[in-house]
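As recorded in Swiss-Prot, the features of this protein are as follows:
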{"type": "BINDING", "residues": "GLY166, ALA167, SER168, SER191, ILE232", "note": "NADP(+) binding site"}
Amino acid sequence: MSAQLINGKEVSQKRLQAVAEAVAQRQQNNLHHPCLAVVLVGGDPASAVYVRNKKTACQKCGIKSLSYELPESTSQEELLALVDRLNADSEVDGILVQLPLPKHLDSQAVLERISPDKDVDGFHPYNVGRLAVKMPLMRPCTPKGVMTLLEAYGIDPKGKKAVVVGASNIVGRPQALELLLARATVTVCHSATENLTDEVAGADILVVGVGIPNFVKGEWIKPGAVVIDVGINRLDDGSLCGDVEFETAKERAAMITPVPGGVGPMTIATLMENTLHAASLHDA
């Protein structure tokens, strides 16, 4: 048995098209033009690529994008002052500060400075808290993108055993909340988890985001499981791989996301959806 591939590129293109149509409809209705402000501090090459991809998605959707590229030497006060200006700007619907920030900056303080209704990354504690109490407002992009993928492929988490490997604030924790919201029975595994292989082997739905190449072995996976690999790692030979051992996993799983082309495109599509949602919040 070879698993069906979950095609994030295909699903993301449909979602981006839907956003583009909604943006065009807003313009016909004389509503203000959705606008995303993206802040990049320093010259990290990977971050520059991510920012460029986000700008390209904005162009596809007809969303206005503002770019702020600040030097590595930018102080905490200067960065917070920029966030304050963007918070106060009624033309700006979404604010995204690209992570990671240079080490001398306090990223948590910066994320908490963004107005929750403009927090299109969904990282503000207010938005994570809303998700926890079943009242989501701005949902973290990668976990929400995973849920969109599951829905697109007819996978209902209700009553299923879902296992999340990795407990980061960006993926693992909010992913567990999203799955809980969908009424799955959720287990979160982390660095202190004992018998990780047993936990993984019990998963009907497995989501892995630890940032370690091929961390989860194919033989651990329950036959017929759905495997969502959030990891993206560059190997010494320049190739990309996920956190799951793909070649062996696809022989046991029923469905699996490839890397690249699985979760990554969904993160950006969800960012566009969140920006559109933020614009609708600001219509009132």
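From the backbone N, Cα and C atoms, a Cβ is placed for every residue, glycine too.
A map of Swiss-Prot features onto the structure.
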residue : record               : Cβ contacts under 8 Å, 6 or more apart
GLY166  : NADP(+) binding site : GLY172, CYS189, HIS190, VAL208, GLY209, VAL210, GLY211, VAL230, ASP243
ALA167  : NADP(+) binding site : ARG173, VAL188, CYS189, HIS190
SER168  : NADP(+) binding site : GLY209
SER191  : NADP(+) binding site : none
ILE232  : NADP(+) binding site : LEU240, GLY242, VAL259, PRO260, GLY264
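Across the annotated binding residues for NADP(+) (GLY166, ALA167, SER168, SER191, ILE232), the two most widely spaced Cα atoms sit 19 Å apart.
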